[in-house]
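Everything below concerns the one structure shown next.
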Amino acid sequence: MITVRTIPELRAAIAAHPGAGRPGKRPAFVPTMGNLHDGHIALVRQARPLGDVLVASIFVNRLQFLPHEDFDSYPRTWEADCAKLEAAGCDIVFAPRESDLYPEPQTFKLQPDPQLADILEGHFRPGFFTGVCTVVMKLFSAVFFASGGGTAVFGKKDYQQLMVIRRMVQQFALPVEVVAGETARADDGLALSSRNGYLSTAERVQAVQLSAALRALAQAAQAPGAPPLAALEQQALQTLAQQGWAPDYLTVRQRHDLQPPAAGAAAGTLVALGAARLGSTRLIDNLEF
């Protein structure tokens, strides 16, 4: 496994790799912000057979953090991350410095569809998906430029992000196949997240309540004669608040566009999504049903 810092170095490393540079040979790519856990590594292992050279990026993207969020304190665990990536079969780690990826102010930014990107996470974190789309487009350009395309793996844990990236790829006719990876969970059901490390011991025990709330909401929505979704969502919010959380949203949406479902929406087409703060830690999760 090799590590590169700049876009020219990355493109040269991909071209020089034995699995690339031949007709029909394409990269597989997993973008990360580092501080890797088993969920990230599952995505890397999933990507391994999907390309001829496997690239993972480590970059904490300032553009997707609000001023009051944890950009400066976000854990940087470089040596441990590289060891995990190498063990998972990664060929190239692209770890640009901010000056490498943004050598000048990024005045051109992608503005995603507000119907998809200004709801849910985008409502509570304004500008988040502009930052995500801008950096992902730049990473796609860096990784897939020479090959003319390839495969990128994104986790369902960040469900709305996955939908936004898929829409971006479709809208710009990018030669990238976006593959979804299932959410990795701890034994008690908590979705693995880099921010779980912010939880105290007591909060970590309590944190499973978010996934339990989503499961209960999904079950209630499918019950015969269920009340209107708005009433079920309000009840779920109240229950989580009574348990000591500060919830942003708990809601049921259509999977394909994250809009409220039509009456009688078929099972297998919906997703329950939630975001809530426990102490100082904001967690998100989702459950397809």
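Note that Cβ sites are derived from N, Cα and C of the backbone, with glycine treated the same way.
Swiss-Prot has this to say about the protein:
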- His40: active site, proton donor (ACT_SITE)
- 33-40, 155-158, Ala184, 192-195: ATP binding site (BINDING)
- Gln64, Gln161: (R)-pantoate binding site (BINDING)
- Gln64: beta-alanine binding site (BINDING)
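Distance noted between the C-alpha atoms of His40 (active site, proton donor) and Met33 (ATP binding site) is 10 Å. Local packing around the Cβ, expressed as the count of other Cβ atoms within 10 angstroms, is greatest for His40 among the recorded positions His40, Lys156. Sequence-distant neighbours of Met33 (ATP binding site) (same chain, 6+ residues apart, CB-CB distance under 8 A): Ile58, Phe59, Val60, Asn61, Tyr74, Ser194.
According to its DSSP assignment, Gln161 ((R)-pantoate binding site) is helical. Here the Cβ of Ala184 (ATP binding site) has 18 other Cβ atoms within 10 Å, regardless of which shown protein chain they belong to. Neighbour counts of Cβ atoms within 10 Å were taken for the binding-site residues Gln64, Gln161, Ser194; the minimum is at Ser194.
Around the Cβ of Gly39 (ATP binding site), 20 further Cβ atoms fall within 10 Å across all displayed protein chains. Neighbour density for Leu36 (ATP binding site): within 10 A of its CB lie 23 other CB atoms from the protein chains shown.
Taking only the Cα positions, the spacing between Ala184 (ATP binding site) and Gln64 ((R)-pantoate binding site) is 23 angstrom.
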